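Chemist: According to Swiss-Prot, the record shows the following:
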type	residues	note
BINDING	Asp485, Asp491	Mg(2+) binding site
DOMAIN	552-611	domain 'KH'
DOMAIN	621-689	domain 'S1 motif'
Amino acid sequence: MNNVLTTEIAGRELKVEFGKVGMLSNAATFTSYGDTVILTNVNASEQPREGIDFFPLSVEYEERLYAVGKIPGGFIKREGRPSEKAILNGRAVDRTLRPLFPKGYRNDVQVVTTVVSVEKDNLPEILAINAASLALCLSSIPYTIPAAAVQVGIIDGKFVTNPDTQGREKSILHLTVCATKERVMMIEAGGQEIPEDTMIDAIKYGFDECQKIIAFQEEAVAKFGKKKDEPVLYAVDPELEKDVKEFASDMIKEAMYIMEKDERNAAVDAVYEKVNEAFGEKYADKMGDIKEVLYTMQKKVVRHMLLKDKRRPDGRAFDQIRPLGCEIGILPRTHGTGLFTRGLTQVMTVATLGSISEIQILDGIDEAQSKRYMHHYNFPGYSVGEVKPLRGPGRREIGHGALAERALEPLIPSEEEFPYTIRLVSEVLSSNGSTSQASVCGSTLALLDAGVPIKRPAAGIAMGLITSEDLSEEAVLTDIQGIEDFFGDMDFKVAGTTEGITSIQVDTKLQGFSFNVVENAIRDARKARLTIIDKINECISTPKEDVSLYAPKTQIMSINPDKIRDVIGAGGKVINKIIQDTGVKIDIKEDGTVFVSSTDHNGVNEAIKIIEGLTKEVKAGEVYLGKVTKITTFGAFVEILPSKEGLVHISKLAKERVNKVEDVVSIGDEILVKVTEIDNQGRINLSRKDALVEQENKEEK
């Protein structure tokens, strides 16, 4: 039986079809917004997974190129690994839904959202969050709290819900708000230096817009939702919990109140060893329970420390930043480097400048076709003092890299202002909280060191939240470190400049957070951000005047678009010869803009000279110094400009009569010629005789 329900959101139809497809899934839906369609399937294992201390939720965001009428490139002609955008979209779905499952639920749950049709005006990533929540609510899986998502833009000073393609191009804000009926769940934002008050209002606007979609989900559940399964929730053995708490409570408290990180960790490890020695035999098959109890005890101590004692694990005030350090130019051959240190968190960011041809080509369902500015983030095991295999970037690394990239994107100069491709790589050297925001600061330093004329310096800070069990008490923390992140309830990352916010990413372990938290976090983040920017300015306040000696030099020139074919030549013959002869890289745009790049300045000048010659218009009546390229019985062909030849008839070779062309010129001779005519077929007629006469007349004068 196909159950259908529709509503209208921002002037477009939101529709769900349940029961039509995926009959063997716990729940399968077609959810559409306009002509964008998401196929969602949700399933759960029948029994909890044994021996784990986490909720095994798997969220997959699958892109199908047929959704936009494309055939995948390459030899195989099918979709391969997920794109970075798909990974980020999957993370957004996961971060919204995960806290809403029952605490202690250990059954494997898989949510698969497959993009099967895309209308450019309606973003599939927004629909995927709504579709996933809706499918879970309709299923028998014990997920009962609907969550909704909208995108908020600012166009001509007004908030707009789910702007279309044209609207997104105009909008100065790209904000995703995910919420339940009562609280905000997740925030993602990128903006052009948005003032704090405006951002807060935009989040409130987005929350209100989410309520319409939540009401739609509730209506769907009431009409055709499945009966929910009774969850089997993980619970610690009460006797074990009592024994461990009585034995270790005082020791845990004493250890957690140690301010120095390494000393505190060593003390906690010692407590764990003592507990294992004391109860290892009695609870040999319940070591996971012991670990869970100790974790809960640590968390309780940290919460009491913050909410009751009003002190942080390292003794800082709630709004205090750890000691800061900034350095530039620490690597001799790179194009730009920035070393940013905040407490025990340290990131080195390296900037590399390349030619315009080195942009990243994107092959996916996204609107963007290429990227000129990119940021990559690496988080090796040594950054936390651990031994880990070095593999490719995971979801976390991709997410952190994209977040720092978004923070700087509005500040990057245009292609016309700075004709380079820009790649930043942030290497996390030491991690004790908020390395993604340290990457923003390191990126600013590296860009300024590389001579990139960004609008102004940017910085990022991570805010945290600690709440009481009943949520009656809460404390917002500035610049959270590892222990506060681990035992805390929220990670609220804000980046921007002195003028406003350029990026936000917020997720929580709770079932949402209040607007009071949103306001306090955003306002406190500004104070911290300005402090960090002051420190950056002490190190380097403006971009270096010149790019590195080891960076390519790029010059821009404009040519008539009709002349592009002359520069490229048949099969690329002409442009390839220029590249081969001068050692440059050449990029030509459809509007006739030409970018010439090389580390050899002389090569750039030579290439520009050749291109100018190729595109210069031959004019009748002008005199040129040309080279004889071919001799026939009736005259000589002379190249007056690159790839432009004309004929000097034998009668026009000299003032006197010429019997044989070879008597006057030979191949390779350079001679003065005058353009006498360009016929309607573009053929150029030349005269050496007229050029000689004109030259003699000038000499007589």
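Note: Cβ is positioned from N, Cα and C throughout, glycine not excepted.
I'd like to know what surrounds each of these features in this structure.
Modeler: Every protein chain considered, the tally of other Cβ atoms within 10 Å of the Cβ of Asp485 (Mg(2+) binding site) stands at 16.
Mean predicted confidence for the domain 'S1 motif' (621-689): the pLDDT average there is 91.
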Chemist: Let's see if you can do this one: DSSP helix, strand and coil counts over the domain 'KH' (552-611), in that order.
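Modeler: Helix/strand/coil tally for the domain 'KH' (552-611): 32 helix, 16 strand, 12 coil.
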Chemist: Relative to the Cβ of Asp491 (Mg(2+) binding site), which residues of the same chain, six or more apart in sequence, are found under 8 Å away?
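Modeler: Once residues fewer than 6 apart are set aside, Asp491 (Mg(2+) binding site) is near Ala462, Gly464, Ile480, Asp485, Gln505, Val506, Asp507, Thr508.
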Chemist: Mind checking how the domain 'S1 motif' (621-689) divides into helix, strand and coil residues in DSSP?
Modeler: 8 helix, 36 strand, 25 coil
Chemist: In terms of DSSP three-state secondary structure, what is the assignment for Asp491 (Mg(2+) binding site)?
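Modeler: SS state of Asp491 (Mg(2+) binding site) = strand.
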